[in-house]
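Peer 1: Just passing along the structure, written as structure tokens.
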């Protein structure tokens, strides 16, 4: 084998790996970026971007179908699913192209193609031709869809986000498994594009919503658009000549068997670690076979190895993967001097309609005694002015603060523009703003953000029960 000596080896050229490379490059020129598959991030190829392109088409179709509310009649709406998917792929390829351009800017002697595996601590084999002796290693191998055993016999009838967008046209019907963010986003989008969707979840979960009232509200809303059973009883799944036969207990009809063109599996992803031969790495592994990782440094135990992005299963979101890549790349670059980085406040968005957002610390995740330390405020968007103007007036927002100091700590929302309101609230939580200081900020009229003010006012009242509750309509304009 050819042998190469480097200061830093980065395994994986996705979002986390690329940002780790850029960070480490500031400290050393002796590094290598190893990629076993095609260049282009999970987000660009099969994740965030193609799914949002499909959702964008679905939103146009939904708005057209419901324009009569505004006195605008659009007759004979035709959904050309071949053209829908053609645009998804074209724009997806443009996004991938931008990633490929960034790869082209990396020096050839810093790039290596092939599967990496540990031969010994600090020693990697890449394929069968190259050996890398690395002083520090960043593992950024990403993740892949999990295929449970009961789905493995479905062959070409089984879809994941890896192949959904390659369909020539949309099917007539589909069974979606997984009521998390991916399953709900794609399930609703497909339904709005004319596909008959049955979505099966488990344990009552709805896109990770912690608050029961908001979760129940979301479940009821989605069931108006497509069949959603968040605690499904599925007894048999089998491939047949014309599709996939699924036997399940229908929420209203009891035991039934349905025939579906495809199954879309969105039940989770697993880190791509099995091929790394971690048993040779010298790392301590947990009961799931994952290296023990410090979230503030991304270091694995006391070894010069760092685990980032989807590969560590901590926070599988692009902004977190990029942040982790920077932390690990910096620490690998100036090792053994490690910096414990301040992590972002927890923040997630689900691009359903209405959207879902979760920010910061949520009392729903706490024991009862701990929950008593937090106050809550809430608002409904059903009568909220701007939301009614645009006929997007569904949803709930709940906001939280500590009783002892009035510091805003988190929020959960199912409602309009949650991707934007979520950012506003995440920034406030990151800055440890008090509820009083948040209410001192300007709120224009009429905007959806006035619903945030309503919730914050109730939260402020609940923090200081002795103060009179102010009717927001008296000072803020109608429909706030």
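Just so you know, glycine gets a Cβ as well, placed from its N, Cα and C.
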Peer 1: For the NAD(+) site that TrEMBL describes with 178, 179, 180, 181, 182, 183, 184, 185, which of these is also annotated: 97, 268, 282?
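Peer 2: Candidate listed by TrEMBL for the same site: 268.
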Peer 1: Measuring Cα to Cα, tell me the gap between residue 48 (disulfide bond) and residue 178 (NAD(+) binding site) in whole angstrom.
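Peer 2: Given the Cα positions, residue 48 (disulfide bond) is 17 Å from residue 178 (NAD(+) binding site).
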Peer 1: Specify the count of other C-beta atoms within 10 Å of the C-beta of residue 319 (FAD binding site).
Peer 2: 12
Peer 1: For the recorded positions listed here (52, 445), which one has the lowest count of neighbouring CB atoms within 10 Å of its own CB?
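Peer 2: Across 52, 445, these recorded positions, the one with fewest Cβ atoms within 10 Å is 445.
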Peer 1: In whole Å, how far does the CA atom of residue 268 (NAD(+) binding site) lie from that of residue 143 (FAD binding site)?
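Peer 2: Pair distance, Cα basis, whole Å: 10 Å.
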Peer 1: Within 10 Å of residue 317 (FAD binding site) (Cα-Cα), which of the recorded positions 43, 178, 180, 184?
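Peer 2: Of everything listed, what lies within 10 Å of residue 317 (FAD binding site) (Cα to Cα) is 43.
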Peer 1: Considering only the recorded positions 43, 178, 180, 182, 184, which residue has the minimal Cα-Cα separation from residue 143 (FAD binding site)?
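Peer 2: Going through 43, 178, 180, 182, 184 one by one, the Cα closest to that of residue 143 (FAD binding site) is 43.
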Peer 1: CA-CA, which of the recorded positions 52, 141, 142, 318, 445 lies nearest residue 178 (NAD(+) binding site)?
Peer 2: 52
Peer 1: Same chain, not part of 178, 179, 180, 181, 182, 183, 184, 185, 268: whose C-beta falls within 8 angstroms of the C-beta centre of the NAD(+) site? Give them in sequence order.
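Peer 2: Apart from the listed residues, the neighbours are 186, 187, 207, 266, 267.
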